[in-house]
Amino acid sequence: MIDLRALRDNPDAYRDSQRKRGASVEAVDALLSADADHRSALQSFETLRAEQKSLGKKIAGADPDEKKTLLERTKTLAEEVKAAELKVTATASAFDSAGKAIPNLVAEGAPAGGEDDYIVLREVGEKPAIEEPKDHLEIGTALGLLDTERGAKTSGARFYYLTGDGALLQLAMLNLAIQQAVETGFTPMIPPVLVRPEAMEGTGFLGEHADEIYYLERDEMYLVGTSEVPLAAYHSGENLGELTAPRRYAGWSSCFRREAGSYGKDTRGIIRVHQFDKVEMFSFCKPEDAEAEHEKLLSYEEQMLQKMELPYRVIDVAAGDLGTSASRKFDCEAWVPTQGRYRELTSTSNCTTFQARRLNVKYRDEQGKNAVAATLNGTLATTRWLVAILENHQRADGSVAVPKALQPFLGKDVLEPKK
RNA sequence: GGAGGAUUCGCAUAGUGGCCUAGUGCGCCCGCCUGCUAAGCGGGUUUCGGGUGAUACCCGAUCAUGGGUUCAAAUCCCAUAUCCUCCGCCA
C-alpha cells in the first residue's frame with residue numbers, strides 16, 4: 001500500500017513512477033477521485049452518526065412524553081445513518097481496490113523501462129575457461145548428486161532429488177549462509193511455510209503472483225514461494241519500538257512455486273523448479289535507514305557469492321521489472337558456462353514502507369510518534385546456486401572442486417564421479 | 001473429529017442494553033517533594049481516520065473479526081478466527 005498522504009501532496013511523483021514502470025498513469029487519478037468520494041461519504045455518515053448519538057443521550061434522560069417525540073425522530077434518522085453507512089462501505093472498498101492497484105513508488109535512481117532495461121553495476125570474478133563444459137544436470141547425474149528422473153516419477157516435472165553429496169552440498173551452502181547471517185546480526189529463523197491468506201495478501205503476493213502460488217483449498221492456506229512471506233508477517237500488527245538499529249532475520253525454508261506460464265522455459269535440470277530451499281534475509285528498519293540497509297543486504301549477497309568463488313555481475317533492475325512492493329531492486333547474476341550468460345542467483349528489494357503499511361508494522365520515531373517501518377529482503381543462498389557451483393567448478397576429469405568455504409561443512413575438497 | 005471455557009488500552013483485570021466520555025492496578029511519560037536513591041503526592045497515557053499541510057480544539061470509528069436485533073450494543077443473537085482445558089484418533 002502506498003502512502004496516501006504523500007500521493008495527495010505530490011501526485012506527479014506517482015504519475016512519474018507509474019510511467020517509469022510502464023504502468024497506468026490514470027490509476028493515480030482514479031485513486032485520487034476514489035479518495036475524494038470516500039471522504040465525502042465518510043463525512044456525511046459521521047455528521048448523521050453524531051446527531052444520532054446525541055439524540056440517544058437525550059432519550060436516556062428524557063421523561064416519557066418527551067421520549068415519545070424524540071423516538072419518532074430517531075427512527076428516520078436510524079434509516080439515514082444506515083444508508084450513509086452502506087455508502088461508506090461501498091466507497092471504502094472502491095477506494096481500497098484503487099489503492100491496491102498502485103505499486104510502490106519507484107526509487108529515484110532506478111532505471112526506467114522493462115526487463116531488458118537494467119543497468120549493469122559491476123562484474124566481479126573471472127569467468128572460467130572450460131573446454132566443452134558440461135551442464136549441471138549432466139555433472140550432477142554423473143556424480144550422483146542429483147536425480148531428476150526419479151523426481152519426475154514421484155512428483156512430476158520440475159521436481160528432483162538431491163542425493164548423497166548433492167544433499168550435503170546444499171546443506172553445507174545453506175549452513176554457511178546461516179552462519180554468515182548470524183555473524184552479521186541476523187536472527188536465524190525456521191518459519192512456517194504454510195500461511196493464511198492475510199500473510200500472503202500483506203506481503204503483496206496475491207496480486208500479480210497469484211498464479212504462481214500453491215493454494216490448499218480445503219484448509220485455506222498457501223504454500224510460500226519465499227520465506228519473505230512469513231518473515232514479513234512475523235511482526236504484523238506490531239510496534240517495534242525505537243528501532244535504533246535494523247531488526248534483521250534470516251529465514252531458512254523450502255519454497256514452492258507453480259511456475260505457471262513458464263512452460264518450456266528452463267526445463268532442464270534444477271534452474272527452475274517447483275520446490276527449492278533458500279536462506280532469505282529480511283530487515284525491518286526506519287524509512288530513512290532503508291537505502292543504507294539495502295546496500296548492506298547487497299554486500300552480504302556478494303560476500304556469499306565470493307565465498308562460493310563464482311563469477312557474477314550486479315544489475316540495477318529497471319522499474320518495469322520490479323515487484324509490486326519494491327521501490328528498487330538489485331539482482332546478482334552468476335555466470336553459467338553452458339549457457340554463456342549470467343543467471344539470477346540473488347535478488348534484494350527495498351520495499352520502503354509499502355509492505356509494512358499493509359502488514360501494519362510500526363515503530364516509534366524520534367518524536368515518540370508511531371510511524372510505518374520500512375522492510376527489505378534479499379537472497380543469501382538457494383538451490384539454484386548449485387547450478388553455478390557445479391558448472392563453474394567442474395574439472396576436465398569430470399570432478400567438481402568444492403569452494404574452500406564449504407569444505408569444512410562438507411568434509412571434502414572435491415566431488416568425484418562414483419565408480 | 002467432539003465437549004466446555006476464554007478473547008476489553010503496553011500488561012493484568014472491572015464492566016450483563018442508555019448515568020461507559022470504558023473504571024482500577026501495574027508499567028510508561030511529565031511535574032512536586034526530597035542534599036542522593038527509594039517511597040510518597042499530583043497530572044497524563046488505546047489506536048486509526050476526518051475537519052486540517054496544525055503539539056490546541058471538534059467529530060467519527062475502535063472492547064478478536066464479520067453480520068444481525070434495537071431509537072440506542074463492550075453488554076443480546078448468529079457465524080468465523082485464535083488461545084486454553086478435556087475426550088477421541090494418530091504420524
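Cβ from N, Cα, C; glycine included.
Annotation comment: TrEMBL describes A:Thr226, A:Ser227, A:Glu228, A:Arg257, A:Glu280, A:Asn377, A:Thr379 as L-serine binding site. Under the heading ATP binding site, TrEMBL lists A:Arg257, A:Arg258, A:Glu259, A:Val273, A:His274, A:Gln275, A:Phe276, A:Glu344, A:Leu345, A:Thr346, A:Ser347. For A:1-19, the entry in TrEMBL reads compositional bias 'Basic and acidic residues'. Residues or ranges marked as domain 'Aminoacyl-transfer RNA synthetases class-II family profile' by TrEMBL: A:135-403. According to TrEMBL, the feature region 'Disordered' maps to A:1-20. TrEMBL lists A:Thr379 with the feature site 'Important for serine binding'.
Proximity to A:Leu345 (ATP binding site), defined by a C-alpha to C-alpha distance within 10 angstroms, is shown by the following binding-site residues from A:Ser227, A:Glu228, A:Arg257, A:Glu280, A:Asn377, A:Thr379: A:Thr379.
Residues within less than 8 Å, Cβ to Cβ, of A:Arg257 (L-serine binding site) and separated from it by at least 6 positions along the same chain comprise A:Glu212, A:Ile213, A:Tyr214, A:Gly225, A:Val273, A:His274, A:Gln275.
Maximum intra-site Cα distance, ATP binding residues A:Arg257, A:Arg258, A:Glu259, A:Val273, A:His274, A:Gln275, A:Phe276, A:Glu344, A:Leu345, A:Thr346, A:Ser347: 19 Å. Within 10 Å (C-alpha to C-alpha) of A:Asn377 (L-serine binding site) lie the following binding-site residues from A:Glu259, A:Phe276, A:Ser347: A:Ser347. Look at the Cβ of each of the binding-site residues A:Glu259, A:His274, A:Phe276, A:Asn377 and count the other Cβ atoms within 10 Å; the largest number goes with A:Asn377. Under the three-state DSSP scheme, A:Arg257 (L-serine binding site) falls in the coil class. Most other Cβ atoms within 10 A: among the binding-site residues A:Thr226, A:Ser227, A:Ser347, A:Thr379, that distinction falls to A:Ser227. Comparing Cα positions, A:Glu228 (L-serine binding site) lies closest to A:Ser347 out of the binding-site residues A:Glu259, A:Phe276, A:Ser347.
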